[in-house]
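Peer 1: The feature transmembrane segment is assigned by TrEMBL to A:12-33, A:63-81, A:93-113, A:133-157, A:186-209, A:264-283.
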Amino acid sequence: MFLDQLSNGLALGSIYALTAIGFTMVYGIIRLINFVHGDIYMMGAFFALTALTVLGMPIVVAFIIGMIGSVVVGLMIAKFAYKPVFEAPRINLFLCAIGAAIFLENYAMLVWGPQTQSFPDIITNQTYNFLGLKFTTLQLIILATATSLMVILTYIIKFTKMGRAMRCTSQDVEAAKLMGINTHHVIYFTFAIGSSLGAAAGILVGMYYKAVYPMMGFTSGLKAFVAAVIGGIGSIPGAMLGGIIMGIAETLGAAYISSGYRDAIAFIILIIILLVKPSGILGNSAKEKV
Amino acid sequence: MLQVKDLNVYYGGIHALKGISFNINEGEIVTLVGSNGAGKSTTLRAISGLIKNKTGSIVFKDEEILGMPSEKIVGLGISQVPEGRRIFTGLDVEENLLMGAYLRNDKKEIQEDLEYAFKIFPRLKERRRQAGGTLSGGEQQMLAIARALMARPKVLMLDEPSMGLAPIVVEEIFECITELNQKGLTVLLVEQNANIALQVAHIGHVVETGSIAFSGNAGDLLDDDRVRKAYLGED
């Protein structure tokens, strides 16, 4: 039972991790809690579902369409909702994020309807055994997809020029400009990557729970935010770790305590982390030499 | 090479620069000296395009750069070593240096310049894999200068390079500035430490409350009574 729940938690956790990365990246670069992220995740799921059922595309293509669609939505929000208030106090940006979130939720209800839509069964599940851990095919697909996306992301951030520019911009926007970095491009690029990962997570969740609905981004967005804070907001490895911790804690909690407490567990962990290490597990608490 | 004409800058309702004008010729070290808050850093920030709310004219090699975004100005050949160094603390020394060459695509030459930077500042080479934030103040200043040089600037602007450094380190840094200038680099230097700045510079401008109070050859300014009283602490 414990091992069953563990593989369940790993799959769920890797999805949280993907979502949390988007949160943490945008926060790292413009210090905005991007509350629209959960809805980008929902849009991704709907785009993929539409491509799958209405347009009859294969799942891999639908997956990519979902990611691309969300990138477009994410960039549009950055351009039309955030860009005009970039220079304004952060609270204005934050309000725009909430406004954009409400807009997307209602837009999705208008287009796809408020009811829950079922995600078709595409994968025939088999159970595999790894050292006592039991995984279904779907769980393996989720883990593999999430892991490879995170590897690609880490590569981009660590070794490409754009990645270095992102790290610089998140540390010091002005100094980045003095290096000749077009920080606006970096910000858009960050939104694009964050949105694509969020969409991937949304689609994986849709496949996992076989359900897609306009408000699906709300709780997940909140939980991903919690995961990002647990790991240390602004830190990408932190978001990955936070996501996995959340996923495992949630499934184990649901199994051993009560499934009614499922959503509460995330916030209990948050409170504990904030009490013990407010900067998060991998967050660096402002240690700068002057 | 660089002509600043009637530069005005506003911070909200504050008129921070009130019509500053000066020229820099190729190969010169020009310094802006003056007390805290006089508008020296603001002038550099305006030239680098970090301040939006400004009027006047800044011409670099016959091109108006006043409204240009920072990255374009860097691309044209004006690099700044900002006040407080502002190195990327989470990146290692080598990555910091490579950021300076962000706009360049000539990989081989970047590698050569990297070696050159390590030659001027051997201490950076010893620490090339160390995070920028773990360096001492003097090393950070060297890194900031080397990083700016990686862009192969035609004009190097330095904002308070002596700030917070031990006298012996300050001397080292200024020797290096003189050396770079002798190799042909044009320098615009902002300093509160008027004494050392006027020793290395050719031309000096004294900035007071947002405008240039008086200017002259650096050597003459060092002997000027007004400068000696106000900025060198002599009676």
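Cβ atoms here come from the backbone N, Cα and C positions, even for glycine.
Automatic prediction, not curation, is the source of TrEMBL annotations.
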Peer 1: I'm a bit unsure how to read this: which one of A:63-81, A:133-157, A:264-283 has the highest number of Cβ pairs shorter than 8 Å with the transmembrane segment (A:186-209)?
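Peer 2: Per the Cβ count, the answer is A:63-81.
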Peer 1: Looking at the transmembrane segment (A:93-113) and the transmembrane segment (A:264-283), are there 3+ C-beta pairs under 8 A, with each pair at least 6 apart in sequence?
Peer 2: no
Peer 1: How about the transmembrane segment (A:133-157) and the transmembrane segment (A:264-283): at least 3 CB pairs under 8 Å, pairs 6 or more apart in sequence, or not?
Peer 2: no
